[in-house]
Amino acid sequence: MAKFRIRVSTGKACGAGTWDKVSVSIVGMRGESPLLPLDHLGKEFTAGAEEDFEVTLPHDVGPVLLLRVHKAPLALPRPLGPLAPNDAWFCRWFQLEHKVSWADHHPVLQRQRLEELQSRQRMYCWKTYSPGWPHCLDQATAKDLDLNVKYSVVKNTKFYMKGSSAFAELKIKGLLDRTGLWRSLREMRRMFNFRKSPAAEYVFEHWQDDTFFASQFLNGLNPVLIQRCRSLPKNFPVTDDMVAPILGPGTSLQAELEKGSLFLVDHGILSGVRTNVINGKPQFSAAPMTLLYQSPGNGPLLPLAIQLSQTPGPNNPIFLPTDDKWDWLLAKTWVRNAEFSVHEALTHLLHAHLLPEVFTLATLRQLPSCHPLFKLLIPHTRYTLCINTLARELLIAPGQVVDRSTGLGIGGFSELIQRNMEQLSYSVLCLPEDIRARGVEDIPNYYYRDDGMQIWGAMERFVSEIVGIYYPNDASVRDDQELQAWVREIFSRGFLDRESSGVPSSLDTQEALVRYVTMVIFTCSAQHSAISAGQFDSSVWMPNLPPTMQLPPPTSKGQAQPEGFIATLPPVNATCDIIIALWLLSREPGDQRPLGTYPDEHFTEEAPQRSIAAFQDHLTQISRDIKERNQKLALPYPYLDPSLIENSVSI
């Protein structure tokens, strides 16, 4: 008879622990033991406990292959049976003090891996939420989710309390039910006092400034559209005379194009998109183009010209900084509305929520828990299925926030996502390539780029080390069928088998695997933080980021007045609806795990643990450098500080 020592750790989360009867069986090359109860005098498996057990096998099972865990309800007397609690336990880990055979291809282990995946594939199924969108989890409500992917009790409670308190505050102020216009910018200031931050205060003070308007393309909530302009688009006929007051003497548009000092932000994807009806009134959208100038030295980025539609002509004037104050301010505000639409539908919803959900589902369905990539990726999928299911319930369902209070509504959002899916490329998701493709490697004061590239580099090094431990050569990558099934499912379900996207459907080399996994982790953590955490700061002063526009874009100059500007902005109830949503979605409601934090200890070997420690040290240094830089900035850029980045898309 053989004796084994087994150590068990129970998680510390609220609700962790079990009253159920826990047993194990030990599987070896010569068979499997009967069930061996893990039982002490008194209560076992309480939250946070680490306990030792000794079990005795009645017969030799040979070299150990795996440990099976069995959990069954406690047998209570018949009258009490229905009262037996149904708990989830939240076990952290088991340790078996015995030499284990690493016979990866043993039939018992292969069968175990297959059974685990089959079980998960039954639990986590795909569905098409909307035609042309990435596929998603087939689950209607968050309350029906598996406990492993639901919000914790703490996070769920804080999430709903936060939303309820914001709703109640604006309800009491009498703003949530007002369907009419704001009376003035001064009245809007009442709304601005709603939970403002130092960054939001800066936005309020500078929202009309040209330098701040331009800087938001670099470090605002949508810093991914600006690109270097080497030649002016034919449908954007800016002339030297128009921009001479900004460029100054001794230069020209052509000279600045050749120098590389001109940049373009093109919202052309909005052209012709369907618009919404709010409070019974049709809403309007524009598809602007904005030309920007990087002033010499380390000077500010400045707007040169704005055209509000893609078709030039007498009814589509080019607005300039030298125009009347209200003409120019209205043109800039139309650009900011376009930023809201593109950001919320594409940069945020599609790229930073729907795609991470695809990565999460494919990981759960195709990689067994013993797979090194599962261990590497699973911390970066925490709560993603929960927040996306909540979004389908509370944000993007018919009649919910997007439909009630945005200029495009869910119909326009869906159309934008379909359009973007047709042009979405792998390189857009890989930060170094995206920066090169947009030609913005050297534009100064681009903190999204600077911080993002540091984090990408730290991640890439970490992923490369982990891949090197478990994949000694390219052949080991090609031969890993579970890995290939994971990549294939992401390509099929996430990118809808579009070969033109450049997204791989298989991986052949270590280098390709490192790039792909780095992209997944970056998208699920740093990228989401960069384009989500600043939403409230940018939008609480609504004229800086209006979610809809109630009058059509101007077709001539000299007509804008303060009253018309106010009449163009969103109604009071839509403003409040969006502000509550973005307040809720900009801050983690507790139960946080910053980037690089891995308390569940999926990797137990020394080599990956060393890599994790080095990664954490690297992130700590990056965080220290960002904090030091931010102390010198009038408007700090904290959204890519690793200490503030969540490991996963969880809000």
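Quick reminder: no glycine exception, Cβ is built from N, Cα and C everywhere.
Per TrEMBL, the features are:
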- 2-128: domain 'PLAT' (DOMAIN)
- Gly15, Gly17, Asp87, Ala88: Ca(2+) 1 binding site (BINDING)
- Asp39: Ca(2+) 2 binding site (BINDING)
- 99-651: domain 'Lipoxygenase' (DOMAIN)
- His348, His353, His528, Ile651: Fe cation binding site (BINDING)
Additional residues around Ca(2+) 1, ordered along the sequence, whose Cβ is within 8 Å of the centroid of Gly15, Gly17, Asp87, Ala88: Ala16, Thr18, Trp89, Phe90
Residue from Gly17, Asp39, Asp87, Ala88 whose C-alpha is spatially nearest that of His528 (Fe cation binding site), among the binding-site residues: Ala88
Residue distribution over DSSP helix, strand and coil in the domain 'PLAT' (2-128): 23 helix, 51 strand, 53 coil
Packing count at Gly15 (Ca(2+) 1 binding site) (other Cβ atoms within 10 Å of its Cβ): 14
Model confidence over the domain 'PLAT' (2-128) (mean pLDDT, whole number): 84
Neighbours of His348, His353, His528, Ile651 excl. site residues, C-beta within 8 Å of centre, Fe cation: Leu349, Ala352, Pro356, Ile387, Ile531, Ser532, Leu585, Val649
Ile651 (Fe cation binding site) CB neighbourhood, other CB atoms within 10 A: 21
Which listed residue (His348, His353, His528) has most other Cβ within 10 Å, given these are binding-site residues: His528
Cβ neighbours of Gly17 (Ca(2+) 1 binding site) where a neighbour is any other Cβ within 10 Å: 22
Cβ packing number for Asp87 (Ca(2+) 1 binding site), 10 Å threshold: 16
Nearest-integer angstrom distance between the alpha carbons (Cα) of Ile651 (Fe cation binding site) and Gly15 (Ca(2+) 1 binding site): 21
Gly17 (Ca(2+) 1 binding site) versus binding-site residues Asp39, His348, His353 - nearest by Cα: Asp39
Nearest-integer angstrom distance between the alpha carbons (Cα) of Ala88 (Ca(2+) 1 binding site) and the residue listed as 'Ca(2+) 2 binding site': 18
By Cα-Cα distance, the member of binding-site residues Gly15, Asp39, Asp87 nearest His348 (Fe cation binding site): Gly15
Integer Cα-Cα distance in angstrom, Asp39 (Ca(2+) 2 binding site) to Gly15 (Ca(2+) 1 binding site): 21
